[in-house]
Amino acid sequence: MKRTALLHADLSRAIAALGHGDMIVIGDAGLPIPPGPLRIDLAVTPGLPAVADVLAAVLSEMQVERALVATEAVERAGGALPGWAGALPVAPQTLSHEEFKRLTRDARAVVRTGECTPYANVILCAGVTF
């Protein structure tokens, strides 16, 4: 058995296969997933699992050099970053939700959560560990 927090085999495999600059998306239950990236559907019920929980597990294994969130997520939170963004190792950059959705096409994997908060999505860009 693995010793790290992330137990989901497909998600762990996707992270292990990342190269520098590759992207993984953690999305809410409503984020459209394009046909190209690996789809990892973790949604069980509304709210389960939450983006914050999946993000914590992913960050236990992934070196992140850049993160992206939709401007609409910040606007919806009254001008502040969503609470789960505090777990990110870097300050996220913002872009429109439409541009966010376009970038998901280039992601290596899109992880669907049960999160039902609008715009609760983040793109994680892989860094290097050396």
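Using N, Cα and C of the backbone, Cβ positions are placed for all residues, glycine too.
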Quick check on the annotation: Swiss-Prot has HIS97, TYR119, ALA120, ASN121 binding substrate, so which of ASP28, ASP41, ASP53 does it put in that site too?
ASP28
In angstrom units, rounded to an integer, how far apart are the Cα atoms of TYR119 (substrate binding site) and HIS20 (active site, proton donor)?
26
Find, for the listed recorded positions HIS20, ALA120, the residue with the lowest Cβ contact count at a 10 Å cut-off, counting only other Cβ atoms.
HIS20
